[in-house]
Each structure stands twice: as structure tokens, then as C-alpha cells.
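Copied from TrEMBL, the annotated features are:
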DOMAIN    15-333  domain 'Acyltransferase 3'
TRANSMEM  22-46  transmembrane segment
TRANSMEM  52-73  transmembrane segment
TRANSMEM  94-111  transmembrane segment
TRANSMEM  138-159  transmembrane segment
TRANSMEM  166-184  transmembrane segment
TRANSMEM  204-221  transmembrane segment
TRANSMEM  233-249  transmembrane segment
TRANSMEM  255-271  transmembrane segment
TRANSMEM  283-302  transmembrane segment
TRANSMEM  314-340  transmembrane segment
Amino acid sequence: MNSNDNLCGVDKRYEGIDGLKAYAILGIALMHVLANGGYELGGFVFGRMIPAFTNLVFLFMMVSGFGMCCGYYQKIVDRKISMEKFYSKKYIKIWPYFALLCVLDFVISPSKNSLYEVFANLTLCQGLLPNAHIEVIGVSWTLAVIFVFYMLFPFFCFLLGNKKRAWGVATAALIFNLLCGSYFFDKNHIVDPASVGFSSRLNIVYDAIYFIAGGLIFLYRKELAEFAQKYKVVAGAILLVATVAYFVLGGSTLTLLFFCVAALVYTLGCNRGKVLVNPIAKFIGGICFEIYLCHMVIYRVLEKLHLVHLFGNGLLAYIFTAVAVICGSVVFSVCAKWFLNKIETLIVNRS
């Protein structure tokens, strides 16, 4: 989700990635508002399309894999960045904002269990728990998985050492993902998964294929970007086919991979245009990490103020709440970043 990880070298930037992340985070916000609001809405859009946006988190994982490789792969391989600097940058980027949100969430809904979960969140190691199921900033499970990926990134660079090895690793990761769903995550390996609220997507082994796919796209980025730019209509048609396949065949790992790969490849060819490359998309994409983490906190505030169903339980109420959540998240993200930057400046000046 890092807005600064989509640079490849010093002179190449894939401008469309900010737009891709912007639309993904808006889709996820729309999905969460619909899922939590209990609105009486039906049809394809509200019954299938918006609920399917929950799987856009896997697109974020793939973009994270690609972006991290763009920013750090060569530096890690050439040993031009120390492990201390690499991990420090990740903690400094994520921790202050996430800690602020955890404190706010605890203040809104204080409890002993929440205190335990805040502690786990503040370590940024909650993704190592076998079944975290944390409710304080519940959407941060994605951050937890991505941070485990950060922990493993030097090993990830080794796995992507050459294209032949990378394809072998991708194949193994895909098989592991399928085995998780059909064998390892059943009742014989996990104590009553249903009763403990176990979700396979919280596990790095299950999610690894999406990060590795992002790494594979990085290895072929020049060829894929050239293809997407030269044959934009074809790339767009492939993305359309992938989208249709997802809804016709269902949201399996294979259809999700097809869609996410098609979306990212299409984006690599978008350096101009109005849909993915525009000031608004760039702005929202630049703070998508902050919006993702805070949007449910904003929703809970609206809920406590009894604004979620201000206009009843239909379409108008949903639109109002969705717009309020998105706008509130943008405002909060900008203000929180400004506030934290001020504190950082004061600390630096005093030291």
C-alpha cells in the first residue's frame, strides 16, 4: 500500500498504480459500508458486485509485492541497504499512524480484550499469530499479513533471484494456496475453524502467491509495460474477460489471480489518460494506506452518532453513509498525517 514503493529506478514511475490503488480502496470502503449497514438493497450491484470488492485486498497484496520489488529488490540484492535501515523505514512509515488509530479505537470501545489487541497491533507482529482475529482496527489484518511479507522480504528477493526460480516458487505457492483450502485448513488441522472464526486469508502461506505474482510481474515489468502500452485495447479486453470470469466462475484463487494480474499489467501501460492517471486518483492513491486503516473507525463514529441510517434503510442512506465515510477518511488521513509530521518535526528539533 506504500505510495512510494511504485518507483522502478530513478527515472521510471508507473503513474497508473496510484489510480489502481485509489479505486481499490474506494471499492473496499463501499463494501464495508454495505456489509455493516444492513441496508435493504438487492440486485447484481448490491448483491454480488460490491460484496466482491472484499477480494480487492488481494490486489493490494500483489501491488505491494510489485511495489516493494521496485523500491528495494535491487538494493537488497546489491546490499546497498542495511537490514536495520530497511526495517526501520517500514516501522517509521507505518507505526505512528497505526498507533494513533489503535488508541482512538480503544477510546471509542474500551475493554480488557481491546487492550490486549492494541498491544498486539502495536508490535506489528500480530500477523505471526495463528489466528489473530483482532477486532481493534479489524481491517488491519491486511496490514498484518503485508508486514509479515516485509519481514520475509530479503528471503523473497532470494526466491526471485532469477526467472526460472521465480516461476518454480510461484507454482509451489499456488499449490500451497490450494492445499490450504482443501487440506491444511480443515477441522483435522485446525480446532473447529468455524467456531474460532478462522479465515484463510489471514495466513501468509495462503496469501503468498499474490505477493509472488507481484514479484513475477516486476521481473517482466519492461516487457509487460511495453505490451500494455502498445496493445492497450488488448490489455483492456483481457482485464474485461478476467472480470467477467470472476463473476461467472466465482471468486476462486485462479480467477482472483487472473483478475489481479490483468489489472496490474493493464495499469503498467497507463502513464497518461483520465481514468487511472489524474490528480484526484493520484491524491487518493497516495493516502490509500491511511484511508484503508481508518475508514471503519469513521464508520463507527457515524454509527455512534446515529447517522448510518439517517435517511432510512435504502439507497439514499447507503449513498450518504458511503460518501460520509470516504470523505471523513480522506479528511482524517490528511489531518492525522499533518499532526504526526508536526510532532516528528518537534521531536527532531528538540533532539
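Cβ coordinates come from backbone N, Cα and C, glycine included.
Comparing 52-73, 94-111, 138-159, 233-249, 283-302 for CB pairs under 8 angstroms to the transmembrane segment (204-221), the maximum falls on 52-73. Between the transmembrane segment (255-271) and the listed ranges 22-46, 52-73, 94-111, 138-159, 283-302, the one holding the most Cβ pairs under 8 Å is 52-73. Segment contact is absent for the transmembrane segment (22-46) and the transmembrane segment (166-184), given fewer than three CB pairs below 8 angstroms at sequence separation of 6 or more.
Count of Cβ pairs under 8 Å against the transmembrane segment (52-73): among 94-111, 138-159, 166-184, 283-302, the largest is for 138-159.
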